[in-house]
Each structure stands twice: as C-alpha cells, then as structure tokens.
2 protein chains.
Amino acid sequence: MPPEPRTAIATVCLSGTLDDKLAAAAAAGFDGVELFENDLLVSPSSPAEIRRRCADLGLSIDLYQPFRDFEAVPPDLHAANLRRARHKLDVMAALGADTVLVCSSVSPHAVDDDDLAAEQLHALAEVAAGRGMKVAYEALAWGRHVSGYEHAWRIVRRAAHPALGLCLDSFHILSKGHDPAPIRAIPGEKIFFLQLADAPALPMDVLPWSRHHRLFPGQGDFDLTAFTGHVLAAGYRGPLSLEVFNDVFRQADPRPAAVDAMRSLLTLKESLGLLDLPPAPAPAGHAFAEVVTDPGAGRVLATLGFARTGVHRTKPVELWEQGDARVVVNESGAAHGAVGAVALAVPDPVRAARRAEALLAPVLPRTRGPREADLAAVAAPDGTEVFLCGNDDWRGDFVPTGETADGAGIIGIDHVALTQPFDHFEAAASFYRAVFGLTPSPVTEFAAPYGLVRTRGVAAGNVRLTLDSTVVRRGEWAPAVPEPQHVAFACTDAVAAAEAMRALGAPLLDIPGNYYDDLEARLDLPPSRLAALRANSVLYDRDSHGEFLHFTTALAGARVFFEVVQRIGGYRGFGVVNAPVRMAAHRARRNAGLPLGTLA
Amino acid sequence: MPPEPRTAIATVCLSGTLDDKLAAAAAAGFDGVELFENDLLVSPSSPAEIRRRCADLGLSIDLYQPFRDFEAVPPDLHAANLRRARHKLDVMAALGADTVLVCSSVSPHAVDDDDLAAEQLHALAEVAAGRGMKVAYEALAWGRHVSGYEHAWRIVRRAAHPALGLCLDSFHILSKGHDPAPIRAIPGEKIFFLQLADAPALPMDVLPWSRHHRLFPGQGDFDLTAFTGHVLAAGYRGPLSLEVFNDVFRQADPRPAAVDAMRSLLTLKESLGLLDLPPAPAPAGHAFAEVVTDPGAGRVLATLGFARTGVHRTKPVELWEQGDARVVVNESGAAHGAVGAVALAVPDPVRAARRAEALLAPVLPRTRGPREADLAAVAAPDGTEVFLCGNDDWRGDFVPTGETADGAGIIGIDHVALTQPFDHFEAAASFYRAVFGLTPSPVTEFAAPYGLVRTRGVAAGNVRLTLDSTVVRRGEWAPAVPEPQHVAFACTDAVAAAEAMRALGAPLLDIPGNYYDDLEARLDLPPSRLAALRANSVLYDRDSHGEFLHFTTALAGARVFFEVVQRIGGYRGFGVVNAPVRMAAHRARRNAGLPLGTLA
C-alpha cells in the first residue's frame with residue numbers, strides 16, 4: 001500500500017469564527033488546513049497567535065489562499081501586485097505557511113499573453129523563493145484567459161521556476177468536463193497542491209455552481225476516486241485537501257460538518273487503496289426498529305396485527321412482532337421522539353463497529369443490550385442509534401409474554417424513513433454509505449404542502465432507509481413538532497392488509513377521493529383494482545420495474561407513524577409521489593381533532 | 001382610466017394546504033385563484049366543497065392547471081389524452097372552473113408537427129366547448145417543440161377554434177429574451193389568460209430558474225409593467241394572475257406572503273395607470289429611530305455624545321439627541337428587541353398613511369403619539385413600526401429634561417439596518433419600495449462567519465435602510481439571539497468622532513490588526529490615514545464614487561448596536577464588505593465575557 005497522504009481542509013468549508021473552524025478541523029482529525037484569507041482578516045488573533053493555536057491543535061497551515069488577479073497585467077499594476085504579494089508573504093511567514101495559492105486572473109486588466117503571465121509568475125516565485133516559500137498557480141474554471149489546468153501547466157512550465165508549481169482543484173477541472181487523465185504526465189513535484197471537491201451535476205454557470213453547491217467527495221456526481229488516482233499517479237505527495245463552498249455547510253454546526261468532511265476523505269482513501277478498513281458489513285436485513293414515543297404506539301401496532309411478544313426486564317419498553325417485522329416501542333420518553341434506532345442484521349457486529357469507529361461514527365456504550373449479545377451500536381449524524389446485530393441475542397433483554405396475534409399480512413420491515421434536519425441531509429447519506437455500505441439513490445425533490453422536500457433512499461439488499469430533508473418553517477408558521485419519521489412494513493397484499501387492519505380498528509389515514517379521480521384519469525388501472533384502492537385508502541405508484549401499493553396510519557406518537565407497503569415486480573422507489581397526499585391527510589386529521597393514533 | 005383588471009393568484013405560490021392557501025388569498029383581497037392540480041389532489045374536500053368554499057371566500061376559480069403533454073402525439077396516445085382530459089373537465093365542472101391551462105408538451109412522444117398539434121388541440125377545444133369551457137395553450141420555455149409564444153400563437157391560429165386561445169406567462173417569455181411587443185398584435189379575445197411572474201437574472205437553465213427562483217412582479221429584473229402593458233394593449237380583459245414558484249415563498253407563512261403578492265399587483269396596476277393611489281411620500285429624512293432594549297442603550301448613547309433631552313410622560317422611554325440624530329430608547333421590554341421603529345419625516349402623514357393602507361400595510365393605532373401630533377404609524381412585514389411624521393409634534397410625548405451634551409461629531413441618522421428573517425427578505429424590500437417610494441439597490445451577498453448573508457439597501461434622499469437576511473442556524477449551533485439590528489449615525493470625521501467617543505468611554509468594537517494589514521496590502525492609502533484608522537478601529541471601504549469610514553459599538557442590548565459612518569464623495573454603499581469583520585468582532589467580545597454594551 002502506498003503511503004497514506006496527509007489530510008487538510010480549507011477553513012472556508014466550515015461555519016464560525018476561525019477559532020471554531022480550527023477546533024472543529026482538529027477534532028475531526030485533519031492534519032492541516034488551508035487558511036482562507038477572510039477567516040484571518042476577521043480574526044482577533046495575530047498571525048503568530050494563529051500559528052501557535054494551530055500548533056497546539058496539531059494542525060499545519062498547508063496553504064494560504066486565495067491570492068487573486070496577479071498575472072499578465074501592465075507593468076504598473078504588476079509592481080502594485082508584487083507589493084501586495086510581499087505583504088501577504090510577510091503574513092504567511094508569521095503564520096508559518098509556505099505555499100500561497102494564486103488563482104488565474106479574472107481582472108479586466110489582465111491580457112491574454114502566456115509569456116507575460118509566465119514572466120510575472122516567475123517574478124513572484126522569485127520573491128517567494130527568497131523567503132523559502134512556494135507559489136501554487138490554479139486555473140479557475142471562470143478565469144479570464146486561463147481556465148483549464150493544461151493551460152495553467154503550460155504557463156508554469158514556461159516560467160520554469162522551482163518555486164512555481166500547480167494547484168489542481170477537482171471542481172475547476174471536472175465541472176468543465178476536462179479530461180483529468182493527462183494530469184498523470186505532469187511531474188508530481190510540480191503539483192504543489194491538490195484541492196478536492198465534489199458537486200451535483202447542475203445546469204447552471206460554473207461560478208455560482210462552484211460558490212454555492214460544492215460537496216465533499218462522494219456526495220456528488222464527480223468521480224473523485226479516478227481524479228485523485230491520476231494526481232497520485234503523477235507522483236503528488238502533498239495533502240488531500242478539501243475546498244468545498246456550500247451554502248448549507250457554511251451555516252451548519254462546524255463540528256459535525258468537519259466529521260462529515262473527514263469521513264468523505266477516509267472513504268476516498270479507502271477507494272484508492274490507501275487505507276485498510278474492515279469491509280462494509282453487507283447487512284442482511286432489518287433486525288428491528290425502535291420507536292420512541294409517548295404511550296400509544298403499542299396499541300396502534302396491535303391494530304396492525306402485531307403481538308406484544310416481550311416486555312423489557314427493567315424499562316418501559318416493549319417488543320412487538322408480526323412475521324419478520326420486529327418493533328421495539330420505547331415509551332420511556334418522547335424527548336428524542338420518532339424513530340429512536342434502526343437495527344441491522346450483520347454477520348460480524350464487532351468488525352462492523354470497528355469500521356464505524358474508524359469512520360468517526362461514535363460507538364455507543366452498550367448499556368441496553370445484555371452483556372452476552374453479539375451487538376454494537378453507533379450514532380448517526382442526527383443522533384439516531386444504529387444497532388448492529390449478529391444474532392437474536394438482543395431478545396434477551398425482553399421477558400417473553402407468550403402473547404400471540406393472528407397477524408394482518410405483515411411479513412417484515414420494508415424500510416425506515418428517517419426525516420433529517422436540513423443541515424444533515426448530505427451527511428446522513430454519506431454516513432450510511434460509508435459506514436454500512438448502503439447505496440444512495442439520486443436526490444429527488446417533491447412539492448410538499450409546506451415546501452420543497454429533498455429526498456433519497458439508501459439501500460443494500462433488504463435494508464432500506466429513506467432520508468427526507470425537512471422544510472424550514474418559521475414563526476407562527478413553524479410546525480408544533482418537526483415532520484414525523486416512520487417505519488414501513490412489507491406485505492404481499494396491501495388491500496387485504498388494509499381491510500384486515502381496519503377490521504382490527506387501525507387508525508388508518510383516509511385518502512381524498514380527488515386522489516383516486518386523478519389515478520383514474522391518468523392510468524389505465526382495472527376498475528376493480530382502482531375501486532379496491534379507493535375503498536381502502538391505499539396509495540399507488542409505478543415505475544418501469546413494477547408497482548407499489550401503500551397506506552399509513554395516523555400519527556402514533558408525537559413524531560412517528562407506521563406504513564404498510566406492497567412491492568410488485570421490481571419497483572425500486574418509496575412512493576415519493578404520494579408523500580404530499582399523506583402529509584395533507586395527516587394535517588387534515590389533526591384539524592379534525594384526531595392528533596395521535598386515535599383508534600377508530 | 002381603463003377598467004381595473006381582476007386579480008388572481010395560483011395556489012402553487014403559497015404554502016400550506018388548499019384551505020390555508022384559499023384563506024390567505026381571500027384575506028389579501030384576491031378576486032380569484034388558479035387552482036394548481038396537486039393542491040386539489042391532496043385536499044380532503046371534494047371539488048363541489050372547494051367550489052362552495054371559494055364562493056364563501058369571494059374567490060372565483062379562474063384557471064385549472066396544469067394539463068401536460070397533450071398535443072402532437074400518435075393517435076393512440078391522443079385518444080388516451082382526450083380520455084384524461086374528459087376526466088379533468090369533469091372535475092372542472094364540479095369546481096365551477098371554465099378554463100384549463102394546457103402547457104406545450106415535453107413528452108418524448110410528441111412530434112414536431114404544428115398541423116398535428118393544431119388538429120389535436122382543436123379536438124380538445126371541441127370537447128371543452130361542448131361543456132362551455134375553454135382551453136388556454138401556453139408555450140413552456142422548455143417545451144419540446146413549442147417554446148415561444150409566437151409559435152404557440154401560430155398553432156392556436158391554425159386550430160381556429162373559438163374555445164382555444166393562448167395563455168401568456170411573463171416568465172416563459174422574458175426568461176428567454178423574447179420580445180413581448182408583438183403580443184400587441186394578437187387579438188385580445190384570443191388571450192385567454194395572463195400569468196405574471198418576475199425573476200432575478202440568474203445564469204442557469206430556464207427550468208430550475210423557473211421552478212425555484214420566480215418572484216412577484218417588481219421584485220426581480222423583468223419589466224413587468226411594459227410586458228403587462230403589451231397584453232392589455234392587445235385587448236386582454238381577464239385577470240392579472242400571479243404564478244410564482246419560489247422555494248422560500250413555498251415554505252413561508254401564506255398569510256403575509258399573499259399580502260406581499262397582492263401588494264406587488266397593486267403596485268403593478270399603479271405603474272400601468274390602472275389604480276389611483278396617493279403618491280409615495282418622498283420622505284425628507286429620518287425623524288427618529290426607536291430602539292427597544294433592556295436598560296443600557298441610553299448609557300451607550302451618552303458615551304457617543306448624545307444628550308438625554310426628554311423623558312416620556314408615562315413610559316420608561318427616553319429621547320436622546322445629537323445634531324439631527326434622534327433616538328428613542330424604549331426600555332419597556334426587550335421582547336420585540338432590536339430596532340422597534342423607524343420614523344420618516346414626510347410632508348403629509350395622513351396621505352402617506354392612506355397610501356400605506358391602500359397597499360395593505362396595517363395602520364397602527366396611535367396609542368403612543370399625542371393626539372394632536374401630525375403622525376401616523378404602519379407595520380412593516382417583520383413587525384417594525386414605521387412612523388410618518390409631518391412635524392416635530394411627536395416630541396410632545398416627552399418632558400424636556402434640559403440636559404445637554406457637548407456631542408462627539410454626530411450630525412444625523414445615516415441609515416437604519418433592519419436585519420430580516422430569511423422569509424421576509426423579498427417582502428421587506430417590496431414593502432419599503434411600494435409604500436414609501438424607497439428604491440431598492442441590487443441584492444448582494446457576503447460571506448459572514450456563520451454563512452452567506454443576502455443584503456440590499458432601500459433608499460430615497462436622506463432616508464436609507466438596509467435589509468440583511470439572517471442565516472438559519474439550527475440546534476446547538478443556533479445563536480442565543482438572532483442577528484442584531486442597528487442604527488447608523490452620520491458624521492463628517494469618523495476618526496475624530498471615534499477618538500472623542502473613546503474619550504467618553506464608548507464601548508467601541510476593536511478591529512483586528514489583520515484587517516489593517518490587508519488594507520495596507522491592497523490599497524494605496526496614505527500611511528497617516530491608515531494609522532489613524534488602525535489606531536481607532538475605524539473600518540474603510542471605497543467605491544467608484546467615494547469613500548466610507550465607519551465604526552460600531554458593542555451590543556447595547558440583546559439585539560441592537562450603534563454605528564457611526566462618514567461618507568466621502570458620493571459613496572453609495574453601506575460598507576458591506578466589512579460586515580464579517582464587525583460580526584466576528586462582536587463574537588470575540590462576547591467570548592471575552594463582555595456581552596452587552598459594557599462601558600470601557
């Protein structure tokens with residue numbers, strides 16, 4: 001295995017003051033930072049103090065950036081630029097930083113003259129070299145005359161100064177569709193710095209795309225593994241450094257954001273064969289799901305045909321089962337609310353927990369499982385607990401009740417819907433992908449009654465989670481509680497299940513007739529099928545692979561409800577198109593004075 | 001004056017369930033709605049119930065929309081489309097809606113054949129006509145074969161059916177740079193519907209631009225007055241209807257959003273000469289500003305050279321003055337916090353209040369001014385009170401103290417900074433523009449320590465306000481109090497004022513040396529000037545018109561501070577480039593345990 005590269009993060013990736021950012025970067029395990037100039041300018045600490053602070057935190061300052069609009073200008077401006085540069089090199093000396101990033105000019109004063117650009121960059125490199133410093137020249141995707149890395153490399157080669165090299169930024173190269181393979185032919189020692197950013201494919205100009213929508217590696221549509229592979233193949237031995245401008249990351253708590261950033265780099269290293277981690281656990285299915293709620297959820301499960309099969313030895317916690325669906329109902333407090341835990345059946349929980357820990361997932365103390373259970377638990381970014389179960393020993397916590405029920409057609413857990421705070425949406429998908437090997441589906445967006453909701457699934461085999469981003473609502477318009485989460489159970493005949501559950505008194509949501517009138521207008525469903533859906537308030541969707549029938553209960557607690565789904569053929573989605581209907585029906589029920597899982 | 005057109009709003013503009021949207025539209029005074037199909041589908045009310053609800057609210061349903069992917073398809077698909085259309089026309093009959101919007105097709109099955117499109121639309125119109133209904137055909141900017149209104153008009157003309165006409169949407173036309181003037185040549189009776197939306201000029205594909213970034217008329221970069229003028233000149237006599245897809249409006253409280261929407265239409269009507277309102281008041285300056293705070297703000301003003309010239313007859317409210325700067329300090333409660341009121345000197349308060357009321361600004365009861373004062377007050381969207389003062393009679397509320405002070409160079413109020421909740425940012429600018437005739441400057445964005453902040457000024461003559469959008473921060477990262485607001489005082493020598501105020505013990509913010517090192521590197525300021533700025537923690541900016549020197553106090557209450565500014569030459573901005581420095585300095589002071597306006 002080649003040597004593991006150092007890691008760095010640009011301070012501009014994170015929210016807060018420079019102190020906040022440095023502390024967060026160090027806590028997440030970064031080796032160094034790119035110091036973004038604005039973070040320095042607003043800091044009450046002197047460069048020398050910042051140098052000491054970084055040293056105390058174990059952080060190097062690997063890059064000072066950005067230095068703008070330098071090359072290829074008339075002589076008087078060149079003199080002013082050199083004067084400006086000397087000031088900045090002084091600051092860098094005090095900081096203990098030895099490399100400055102020079103972005104290709106966007107100035108109207110710059111001329112299209114590679115010889116002049118090379119000459120002036122040579123002059124700057126000479127000044128830097130006199131102080132033992134280096135200049136890393138980068139082609140901005142929107143540079144006035146230099147906007148591609150191959151062009152920047154021609155200028156650097158022409159300047160031919162040992163203190164002048166390239167900075168390569170994956171976004172600037174991949175956003176323009178430039179082929180990164182020729183990077184392999186650049187001598188590694190002339191690549192002074194490597195900045196990594198992913199991004200979703202967006203149909204917009206490259207500048208606002210870059211300034212607002214960058215993501216950490218693995219979160220977007222670029223192939224960062226291939227890109228970084230080319231740079232390492234060229235012989236680059238500097239840090240892998242993240243430079244991600246993202247509107248949400250910029251306002252989110254920098255501590256989890258830095259962890260998310262580092263997790264993306266660790267996963268990138270793994271994909272490059274630079275880091276040896278225990279493999280992702282390939283979960284076989286949902287061992288169980290835990291809902292945390294006020295008393296009531298258990299009664300709702302009974303109306304869905306579940307039996308209360310166990311009672312916790314010491315806590316107000318019950319185990320409910322039907323088929324292979326197992327739900328732990330924790331009535332000990334609704335503070336955390338909603339889905340408290342997802343439990344994945346994995347072949348080797350200890351090994352899976354080792355991977356999770358290496359990927360910075362907090363491993364939770366095993367206060368709740370019996371000592372002998374083959375079990376581990378880690379925390380997701382939003383605090384949801386993820387249990388890793390090697391076998392059924394976790395049942396040892398529960399005293400069997402001997403209770404049984406006839407069931408109502410549920411055969412297992414289909415998926416768990418983990419509504420996310422808006423600023424955990426990207427990190428949540430990255431977490432489940434990196435730690436457990438679940439594959440995220442593309443992000444889609446739907447118009448919910450209260451705003452646009454972004455959603456994606458993460459899945460592997462029979463384990464499926466959905467991650468919806470909640471809408472920010474403010475003031476009197478803010479909801480009393482955040483959007484609910486839910487557990488969706490699988491069945492083989494949704495209509496029959498709905499009928500059976502209604503007979504048991506299940507508080508199922510009523511779906512408006514307008515919805516079925518639209519189905520009738522749009523689709524060629526057999527009339528008897530449509531009538532059965534309508535009569536039972538069962539929702540319908542289809543894709544090119546198959547069909548999806550589903551229905552939901554009223555809220556069975558402040559922030560949780562249950563869903564029953566039937567997949568026909570190879571349907572791959574989660575009925576997202578019907579989510580607005582469900583949300584409005586929950587609201588209608590609340591308006592009718594039936595806030596929780598009032599039984600019929 | 002021509003007849004005043006009716007007004008309508010598409011339900012998709014607003015947040016909430018259909019009930020929420022209809023109630024908000026009616027309360028804001030709209031005559032009708034465009035019913036967006038998804039709002040119907042998720043509604044628990046039947047079409048007949050919705051019809052009654054609208055009638056009860058005094059709303060007509062002027063359009064049912066959208067009907068997609070109809071024209072120019074193979075025969076079997078055409079038959080299915082007609083079947084689908086008959087279902088929707090049935091729904092419309094129950095709703096009492098007589099016009100359906102058909103958008104130009106984006107289907108891969110559609111062919112580029114105007115004859116076929118005309119033939120199939122003719123067939124649809126024939127079906128509609130049989131029920132007394134009409135079809136309004138609209139060219140989507142991203143339609144597969146039909147993407148311009150002139151093309152849509154050729155097809156409608158070719159179809160030659162009395163029940164087939166055009167729907168014109170300002171966004172689809174103006175976003176593509178199409179000339180709207182030829183609309184004048186279209187017979188008005190063939191324009192069945194007019195949808196109005198503004199938008200900022202954004203460098204992105206037209207589809208995401210349309211789906212996420214539309215604005216109400218007057219809030220963006222399109223000339224809606226000219227556009228609407230062409231349509232009216234053609235003889236269109238239908239409603240002016242808003243169709244605005246905007247991510248923020250979709251999640252904001254629909255009640256103020258509908259008011260904002262209606263205000264934009266009223267202003268548009270005024271600009272078209274269709275509505276006769278009292279003119280905007282042309283304020284001469286700031287009569288005073290009121291800050292609501294816990295005890296302490298007054299002491300800070302004393303250190304800025306203000307004298308406490310009056311004490312309110314009945315309340316814990318003081319008047320402080322220096323030069324023409326007057327500040328009312330309301331220590332009666334910090335609940336509202338920050339800037340409580342701006343008071344504008346206007347020639348005719350009663351007339352100005354009549355305009356405000358006509359533009360849906362709540363006119364506040366005059367509980368606080370003396371009966372005889374020539375004074376009115378209205379509420380801005382965020383609750384800030386705007387007083388309209390015809391003279392100085394408002395001083396009658398205060399018992400003169402006889403106190404004087406030597407002053408420290410302040411000559412008046414330069415501007416008041418009204419930090420806005422993120423979902424009031426557009427509405428606030430529209431409010432001050434429409435009601436008081438202040439001109440908004442373009443929106444700019446700056447990278448603050450805690451995220452990107454959007455900002456703009458609104459100004460006329462000597463009245464200037466700034467509107468910053470606050471960053472949404474969540475969980476542990478949420479600030480203890482929202483971003484502060486402030487009152488900025490004008491002086492003619494900022495350095496001298498800062499020196500004088502420091503001598504008086506003013507709690508001025510210390511600005512980091514790094515900031516001045518950067519000024520030195522970037523600008524060619526005379527060394528003595530730079531030294532004076534640095535020694536006094538005075539910030540500096542310049543534009544092509546002049547220079548700007550400014551400094552601020554520490555927080556003088558939970559959410560308010562003061563600024564002192566000096567404009568040199570014709571500088572037009574507000575020193576936005578320095579806002580991040582100020583924000584970080586406030587944070588540094590808080591970290592140092594000096595949260596409020598602790599005196600030096």
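Cβ atoms are placed via backbone N, Cα and C, with glycine included.
Just so you know, TrEMBL annotations never went through curation; they're auto-generated.
Annotated divalent metal cation binding in TrEMBL involves B:Glu138, B:Asp169, B:Gln195 plus, out of the candidates B:Glu119, B:Glu150, B:Glu243, the residue B:Glu243. The record from TrEMBL ties B:His415, B:His486 to Mg(2+), and of the options B:Glu321, B:Glu331, B:Glu547, B:Glu563 it ties B:Glu563 to that site too. Sequence-distant neighbours of B:His486 (Mg(2+) binding site) (same chain, 6+ residues apart, CB-CB distance under 8 A): B:Val339, B:Val416, B:Ala417, B:Thr552, B:Val560, B:Phe561, B:Phe562, B:Glu563. In this structure, the CA atom of B:Glu138 (divalent metal cation binding site) is 46 Å away from the CA atom of B:His415 (Mg(2+) binding site). Highest Cβ count within 10 Å among the binding-site residues B:Glu138, B:Asp169, B:Glu243, B:Glu563: B:Glu243.
If you average pLDDT over the domain 'VOC' (B:412-554) in this model, you get 96. In three-state terms derived from DSSP, B:Glu243 (divalent metal cation binding site) belongs to neither a helical nor a strand segment and is classed as coil.
The Cβ of B:Gln195 (divalent metal cation binding site) has 24 other Cβ atoms within 10 Å, all protein chains considered. Around B:His415 (Mg(2+) binding site), the same-chain residues six or more apart in sequence whose CB sits under 8 Å from its CB are B:Gly457, B:Ala459, B:Arg464, B:Leu465, B:Thr466, B:Ala488, B:Val565, B:Phe574, listed in sequence order. In the three-state DSSP scheme, B:His486 (Mg(2+) binding site) is classed as strand. The Cβ centroid of B:His415, B:His486, B:Glu563 marks the Mg(2+) site; residues of that chain outside this set whose Cβ lies within 8 Å of it are B:Asp414, B:Val416, B:Ala417, B:Thr466, B:Val487, B:Ala488, B:Phe489, B:Thr552, B:Phe562, B:Val565, B:Phe574, given in sequence order.
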